[in-house]
Amino acid sequence: MWEREGRAFSMYKRMPSRDRSDVMDVEENSAFSQDSMDVETTNPSMWLSFPHVVVGTLSSFLFGYHLGVVNEPLESISLDLGFSGNTLAEGLVVSTCLGGALIGSLFSGWIADGVGRRRAFQLCALPMIIGASSSATTKTLAGMLIGRFLVGTGMGIGPSAVALYVTEVSPASVRGTYGSFIQIATCLGLMVALFIGIPVKEIAGWWRICFWVSTIPAGFLAVAMMFCAESPHWLYKQGRIAEAEAEFERLLGGSHVKYAMVELAKLDRGDDADTVKLSELFYGRHFRDVANAFIGVANLSGSIIAMLLMDKLGRKMLLLWSFFGMAISMLVQVAAANTFVSGSASLYLSVGGMLMFVLTFALGAGPVPSLLLPEIFPSRIRAKAMAICMSVHWVINFFVGLLFLRLLEQLGPQLLYSMFASVCMMAVVFVKKNVIETKGKSLQEIEVALLPQE
């Protein structure tokens, strides 16, 4: 049987992707039932793929770390680099990495498909090392912004690379568990960044150490990926069948290789063409792919608008309109799920609602809490309180991501999105009644205003 499989896969190497399915049709009819009996019924051991997944999720750790690395040190950075009191410059230090992330994310798919998943991780780590080093050694605002932008490009490449890698190297039985590692790693990265930033007020120049620290996991990611398995799916697409088999053996164990290769060949039948027409991105089956790029644009646009309006309209106003817009976007999703809406209309309503949600989230609910929370906490507990708040935020975010698909399946989109809309409207009421405006007030004035009334 192995000889028959060897001849078949040798033929695959000499054929284009779309022709392999013809061979598979002939072979499968006579061999698949026999193959199925030969495959072990037990699931592959998760520990074979575990170290590869852990190394890959270092990119998520770095993503979280760089999201939070400037939160606590921002005041010290502004003092040392000479732009203290310039809120626009401070906003640029925080948000420039988002511009880099947009650029990185736009090219991440092409990078992962062009050079492979492992090299994509290395290309993710490289600008993070260079950018963090630039930020750690700079003496000017321009040097800081260049470093943050370079780090952002790596942050943009990482999420796509790790999502692809974890999906393609994980056994089906633990793919969901491994997928949650991405969010956990992001949470850990953010928590580490917040805790490392705690001594910044007591130790001069500590903010430079905060940036240097990030080069350690980034360097480890770049080196460790040399010893990790390449995605068998990517290797198969490149016609490197023997290498794909070898990587499956590393990831799943020898007894599962044959079945995995048969399944991979069946999956490959759906890819009838190796190229995608531009028109398909907007009207065809790839429309949802380009929608992901638009999400990045909406996120960046909302973040920039929020940066410009934060000190003009105020934190409270941005929060109110942000949560209200999020509620409306969820109602658009409810309308998209209505059975009376046609297929194409439902698709455009769904994508439009999601883009509106991301945009309105980025206008207020995204950026404002990270600014408002440290403003309202007394200085003696600010760093620790922020660490707790942001940790809680990411833990809840993790469970939302973990349970969303299950709730969608159990409750249906109309009920679930209606619940989300209700929560957003509750947030509008809460902000209106309980959140104070901190625009234009010193931290001392805010602290006095929040003292209990005698």
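Even glycines carry a Cβ here, placed using N, Cα and C.
What TrEMBL says about this one:
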type	residues	note
TRANSMEM	47-68	transmembrane segment
DOMAIN	52-439	domain 'Major facilitator superfamily (MFS) profile'
TRANSMEM	88-112	transmembrane segment
TRANSMEM	145-166	transmembrane segment
TRANSMEM	178-197	transmembrane segment
TRANSMEM	209-227	transmembrane segment
TRANSMEM	290-310	transmembrane segment
TRANSMEM	317-341	transmembrane segment
TRANSMEM	347-373	transmembrane segment
TRANSMEM	385-408	transmembrane segment
TRANSMEM	414-431	transmembrane segment
Interface-richest range of 47-68, 145-166, 317-341, 347-373 toward the transmembrane segment (88-112), CB pairs under 8 Å: 145-166
Contact ranking winner - 47-68, 145-166, 178-197, 347-373 against the transmembrane segment (317-341), Cβ under 8 Å: 347-373
Contact set, same chain, for the transmembrane segment (47-68): CB under 8 Å, 6 or more residues outside the stretch: 97, 121, 124-125, 128, 132, 151-152, 154-155, 158-159, 161-162, 165-166, 169-171, 174, 178, 181-194, 197, 214, 217-218, 220-221, 224-225, 228-229, 250-253, 390, 394
